[in-house]
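Asks: Handing you this structure, nothing more for now.
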Amino acid sequence: MPKTNRAQPGRLSSRFWRLLGASTEKNRSRSLTLVTDSSEYDDEAAGLTDEQLRKAAGLLNLEDLAESEDIPQFLAIAREAAERATGLRPFDVQLLGALRMLAGDVIEMATGEGKTLAGAIAAAGYVLAGRHVHVVTINDYLARRDAEWMGPLIEAMGLTVGWITAESSSEERRAAYGCDVTYASVNEIGFDVLRDQLVTDVADLVSPNPDVALIDEADSVLVDEALVPLVLAGTTHRETPRLEIIKLVGELEAGTDYDTDADSRNVHLTDVGARKVEKALGGIDLYSEEHVGTTLTEVNVALHAHVLLQRDVHYIVRDDAVHLINASRGRIAQLQRWPDGLQAAVEAKEGIETTETGEVLDTITVQALINRYATVCGMTGTALAAGEQLRQFYKLGVSPIPPNKPNIREDEADRVYITAAAKNDAIVEHIIEVHETGQPVLVGTRDVAESEELHERLLRRGVPAVVLNAKNDAEEAQVIAEAGKFGVVTVSTQMAGRGTDIRLGGSDEADHDRVAELGGLHVVGTGRHHTERLDNQLRGRAGRQGDPGSSVFFSSWEDDVVAANLDRNKLPMETDPETGDGRIVSPKAAGLLDHAQRVAEGRMLDVHANTWRYNQLIAQQRAIIVDRRNTLLRTATAREELAELAPKRYRELADEIPEERLETICRHIMLYHLDRGWADHLAYLADIRESIHLRALGRQNPLDEFHRLAVDAFASLAADAIEAAQQTFETANVLEDEPGLDLSKLARPTSTWTYMVNDNPLSDDTLSTLSLPGVFR
């Protein structure tokens, strides 16, 4: 069999690779050479039976991936296995992508270039090197789809593969985690980690020790979702915000009673508004010690819900429930909610019964979850724009992978208008003009409200457009699959993470040539996002695999990204008087949009960094708790410590009951009070954070104060938990007919559930780090 003739990976300068934080020149050159060398083994691999192919994979020496001489053989075996198992023969660029992930990089591969296949090959490579791999996806659908799609390839190399979704039982989860490669959403992996913190027997553990995380849509998971806390809650009774305050805030007037900043990220009472609220609540002083951490906090939360959070932008209401919208993905954020007070305030604002939230038993951010893994790598279509965050927060490099075929998509410069109204009119006319030719059009909008308004306008003009947003995301795969069909107009919210490719001519590509002759898929953006990555994700839907395509973005000086980041008085306002359409003719317009977007990205990076420093303290404290809990769960430490703390009681029980049962009792008691203390600590931290910004009134740095209070409280948590365990041990009713505390009183919550918190991203406070003292022996 002759060498496979594939397009050679493109060339990038060594300096450029170093700037990306990727591999050294030596390793980069080695990757390119290894891909080329692998073709020499294609004939040999093709001549093997399926069984021989599996055995050959198992005989590879990949223990040292950086130095192994068997990499070319591995790539040849993987290429042959992929073609047999999936019908897809990997291109050289896909093998290059797999190698860069095996080197620990995040790769950037354009939409339609085959990231899923490259990821499966990389996962197999890690396993053959003796590692265990979690392929982390952004939702359950992709986890199951990719596991079933790529499973035959992984199994063809003699390895096992499993997948996990929200419906998976504990037994199914253990079985899936026991496989060599496990596909699961970041949510489910996190929830399993949290649920394991409630078990009192090692046999009940589900989640294994983290080893390799190979992350699909890496920028979405590692950047956009990084600070989202995953939460484990248990049944309890908690007070909801007072309805009188929520109703009162709803009657306040903008500009008189409250003000917002330029980009509507913050809202605050004016002096007039504060006096109005104080009078309505019986003449209280909102800023007195009695009310500053309670009533004022309730008012601020209600004000946030009423003013800043908009229906069909930040959330939708469906089936008498508030559903949050994930802005970076354009779909409902399943199992996600705001912090309790804010969630209740929004529900009250919409006239919906407040949902039960319970008591937070444990929490972990996505960033802290991923940082548990010894090795992290990933793939996405837009890694370069997230390179700074990936380096700063994960120490990850980025490797751009050139396309298999040259990208011939034509990207037109932004069309910029003075007003949003003029822009929207121009968008409708442009879509109609293109639609009349039969060329398929994909329109990317920034939120649900905008998508529905544009959809209605198109329908009124006789354009049979299809809309896809958070309200009908169950139809996602079908709608996206047909978006490249002749004459189809699709209006969609954010395209990130929509795993279905758009093929010219429809899912069956029946009209591929006809659509290609018209110019392929035409993408229209209704405005710049706050980050270039999201714009590029939309553009990247056109021009797949060397197909023709085009894109154009429409913007206005009234768009959010401009209004918040540029001085309107310095913007060019010249338009063409002959057209009268309000379009800016200045050549500086596109450059100003780029500048506004860079400013927005810089602000978001600052917010991420500051919020990370806040969350880092909690992550450090949680790590100490987890370490202590594992020690109690897996060793005889609980029995030994209680024997030392209460020797008389211990000897009394040791004479009456078997040592194994006594050890179980000691472990149960110690774990209960440790978990109880941690839950109380989390509640305390939540209460502090609700009002910590008010410390600025006393000229204190709010988050420095948060750190001080959190560290002080954590130091006492250990002593309090041990003391409580000692008291329980000495008074518990262990022996038959013995008076004292019934151990059944230490029961765990009768029910638990998990959810994600869309934490308040509007704070941009700064904080400094404080060291954590050793709190457990």
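Note that Cβ sites are derived from N, Cα and C of the backbone, with glycine treated the same way.
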Asks: Just to be sure I read the record right: Gly112, Glu113, Gly114, Lys115, Thr116, Asp501 are listed as binding ATP in Swiss-Prot. Which of Gln94, Gln494 is listed for the same site?
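Replies: For the ATP site that includes Gly112, Glu113, Gly114, Lys115, Thr116, Asp501, Swiss-Prot also lists Gln94.
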Asks: Highest Cβ count within 10 Å among the binding-site residues Gly112, Gly114: which residue is it?
Replies: Gly114
Asks: Give me the sequence-ordered set of same-chain residues, not including Gln94, Gly112, Glu113, Gly114, Lys115, Thr116, Asp501, with a C-beta within 8 angstroms of the centroid of the ATP site's C-beta atoms.
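Replies: Neighbours found: Met109, Thr111, Leu117, Ala118.
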Asks: Helix, strand or coil: which one is Gln94 (ATP binding site) in, per DSSP?
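Replies: The residue in question, Gln94 (ATP binding site), is helix (DSSP, three-state).
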Asks: Relative to the Cβ position of Gln94 (ATP binding site), how many further Cβ atoms are located within 10 Å?
Replies: 30
Asks: Highest CB neighbour count within 10 A among the binding-site residues Glu113, Asp501?
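Replies: Ranked by Cβ atoms within 10 Å, first place goes to Glu113.
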Asks: Do any residues at least six apart in sequence from Lys115 (ATP binding site), in the same chain, have a Cβ closer than 8 Å to its Cβ, and if so which, in order?
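Replies: Within the chain, Lys115 (ATP binding site) has Cβ neighbours under 8 Å at Gly97, Ile107, Met109, Asp216, Met379, Thr380, Gly381.
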